[in-house]
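Visitor: Got a structure here, written out as structure tokens. Questions coming.
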Amino acid sequence: MTIDPARFTVSADVRDIVQGRRLRRPRQADWSRRLVRENSLSVDDLIWPMFVVDGEGRRDPVPSMPGVDRLSIDNIVREVERAARLGIPAVALFPYTDDRLRDETGSEALNGNNLVCRSCRAIKQAVPEIGLITDVALDPYTSHGHDGLMSGEDIVNDASVAQLCGQALVQAEAGADVIAPSDMMDGRVGAIRASLDNAGFEQVQIMAYAAKFASAFYGPFRDAIGTSAALKGDKRTYQMDPGNSNEALREVELDLAEGADSVMVKPGMPYLDIIRRVKDHFSVPTFAYQVSGEYAMLMAAVQNGWLDGDRVMMESLMAFKRAGADGVLTYFAPRIAERLQGGQS
Ligand SMILES: NCC(=O)CCC(=O)O
Ligand SMILES: [Mg+2]
């Protein structure tokens, strides 16, 4: 329906008020909207998290993450080649560990020939130019599903840190460019930095999961790496309380003091305020993790036809940029990169 503006009398008062305050003016055309846009999204902002599983020719869908598969090494190499073609700067690896290899201490984490290490070698051989990020935490390897070592009901800090240093070393030896500790033990960044340096890996970066909250949004990830059933209790004695914000700044401050090259806030969208505070306070490379539950939530609505997939994906990523993030770990990475390559934002 079109209306005839002439039929509506606009008083001089209204015109006076609007005069000189027409913020809608630059919104009238695409060229102008693009010129005044404050933030932009580029392929350089993307880190693609990937799930690796043992075997060959495997591409097992993760039911709660439509469009995401667990890949065997041969297929993961193919996908990393695709990431490189798309211009994605880095990928992050997470292993699905066979139940037989899980134990109380997560000893498989220290096996220099474990699935993650074998994946690193294969990827580095095929696609040496891509950034390779590995996860340091024991949860994919422990029978109890916790990120550290357990003594009774407790997750013991310092002994866990020692184990995590060993894990970081085998990953660096296998070719990881960035060690990303996601365990939230106190002091692990400094200890890992020292271990890496002592072993001659002073160029290997540390991306610290500095402010990682005890969140219900990790559910689908735990399905993907097969720890949902194993996990005893919850992670509230080491991950942050969702009610806290100042504490996130202390966590980031300590990780930076201990030698982190970049820091991460996780989950993403429910914690945009934390990203903004971290960026404003420290002005360091700050990453966000759009976690599995955020992805699952959007995809579920998209599959029902309730949301436009491409548009919510782009808008959700733009929100991270606006909040101050330098980059985002997102399961949408290849889809976004394809869209950006097509020249659409
Ligand atoms: N350490 C990595 C994660 O916990 C990922 C969480 C997610 O995507 O839900
Ligand atoms: Mg900490």
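Backbone N, Cα and C define each Cβ position, glycine as well.
Taken from TrEMBL, the feature active site, schiff-base intermediate with substrate covers Lys212, Lys266. Per TrEMBL, Mg(2+) binding site is recorded for Glu251.
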Visitor: Taking only the recorded positions Lys212, Glu251, Lys266, which have a CB closer than 6 angstroms to any atom that belongs to ligand 2?
Guide: Glu251
Visitor: Ten-angstrom check, please: count other Cβ atoms within 10 Å of the Cβ of Lys212 (active site, schiff-base intermediate with substrate), all chains counted.
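Guide: By my count, 27.
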Visitor: For the residue listed as 'Mg(2+) binding site', what residues in its own chain, 6 or more apart in sequence, show a Cβ-Cβ distance under 8 Å?
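Guide: Listed in sequence order: Ala210, Ala211, Met240.
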Visitor: 10 Å Cβ neighbour count around Lys266 (active site, schiff-base intermediate with substrate)?
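Guide: The Cβ of Lys266 (active site, schiff-base intermediate with substrate) has 25 Cβ neighbours within 10 Å.
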Visitor: About how far apart, in whole Å, are the alpha carbons (Cα) of Lys212 (active site, schiff-base intermediate with substrate) and Lys266 (active site, schiff-base intermediate with substrate)?
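Guide: About 5 Å separates the two Cα atoms.
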